[in-house]
Amino acid sequence: MRSWPGLFWLLTLALLADGGRRESQLRIGKAINIFLRYGYLGISMRVIPLNDNSEPDRWVFKEPTKNIYRNLSGLAESHEDTTPGIFHGDFHMEFCENRRQLFQAYFRDFSIERMDKPWEAFTGGWFPDNAAKKLGINTSFIQGDYSYVLVRVVRFRETGRLNAEIPVHQPLEPDVRSRMDQLQIGNITSAVRFMEDVGTHYVNSYTTGNSLYQVFVYSRKNYSMIKERIKSKGLNGLSKLDLYNYFAPWFAAHLGQIRSASANATVERWARRKLQYEYYVVKYVTLLKLHGNSTLLRSLDSLLGNDAILQLDLKSLKPIFREEPEKESWYHEVLDNNVKLWELNMPQSHPTR
């Protein structure tokens, strides 16, 4: 791989600062430029609460997008889960040794081709205080020597995906074809300008809906104990008493707030009211109360609307270069080096922050 001059970094920032004319729609096949908000994609994609507690707008996706192909609708399919009387989703928990694994777990269903750590496109710009607020925990518990369990209940609403590989001769939009012709092998400026004008990736699939989640914080010792117990017996193999005990305030170092991915105040109030658990004189709110409770899940089914992105698969623009392999190679070289530069310059890359 080639070494890159310092000028490339400045050039990239200067070129990418100009947004260009684009729409803003989450649609299959549309292209986006991940470098416009790399590390801060949650600003334009509703995936986790912003730090502003007051979020009246119910937008889901505000990232600029661009059509790259003509007549692609025939290759795309979508469906909605609306069957009454059942909960269209799942309940799951993830064990995280440290905060980086916690970030990774939250964005488990988000993939960006040619990125080894796609979650950093969303979390790379997080500092400890705003990361803690998004996750519903106190800042002291995201900086210390702790482990975590992420418990989440997800309600799927709409799913879209490409149902076939994009044909080699699928017609491109005229301006995309023009930009490809202007891309010069070995010319960094032309490659970065192409990314700015056309994009870096296209939407291959997505799922929208909403979720409730809660982060449980543990000392290393208690974390190892609960992880081994659940690993050996399985979640359904534990008694209800054991399950509640492991996720209780006397066993966990800290119980995070229950939050919704869309910061929906109505559903969060419902959770605080309906998911209270009382053990003698101790009262606390726990998402575990939903586990196996079909009545509560049915009530929650209608409350969790189509307000957030739950899964997203972004593919590189490789298909448009299939007849020009040398340009494809050059484009991907610039893309890969850009990713590495952004990763190195994000706050999460600096342990003192």
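Glycine is treated like the rest: Cβ placed from N, Cα and C.
Model, not experiment: these values are computed from the prediction.
For the recorded site, N71 (N-linked glycosylation site), the DSSP three-state label reads coil. Residues or ranges marked as N-linked glycosylation site in Swiss-Prot (evidence: sequence analysis): N71 (among others).
Look at Swiss-Prot and you will find N138 (among others) tagged as N-linked glycosylation site. According to its DSSP assignment, N138 (N-linked glycosylation site) is coil.
Annotation note: N187 (N-linked glycosylation site) sits in a coil segment as assigned by DSSP. There are 13 other Cβ atoms within 10 Å of the Cβ belonging to N187 (N-linked glycosylation site). Per Swiss-Prot, N-linked glycosylation site is recorded for N187 (among others).
What Swiss-Prot records for N222 (among others) is N-linked glycosylation site. The number of other Cβ atoms within 10 Å of the Cβ belonging to N222 (N-linked glycosylation site), over all protein chains shown, comes to 16.
Less than 8 angstroms from the CB of N264 (N-linked glycosylation site) sit N210, L303, L304, G305, D307, each of them six or more residues away in the same chain. The N-linked glycosylation site annotation in Swiss-Prot covers N264 (among others).
For N293 (among others), the entry in Swiss-Prot reads N-linked glycosylation site. Note: N293 (N-linked glycosylation site) has no non-local neighbours, i.e. no same-chain residues 6+ apart with C-beta under 8 A of its own C-beta.
Residues or ranges marked as signal peptide in Swiss-Prot (evidence: sequence analysis): 1-19.
Shown are the glycosylation sites N71, N138; the one with the most C-beta atoms within 10 angstroms of its own C-beta is N138. Among the glycosylation sites N71, N138, N187, the residue whose Cα lies closest in space to that of N222 (N-linked glycosylation site) is N138.
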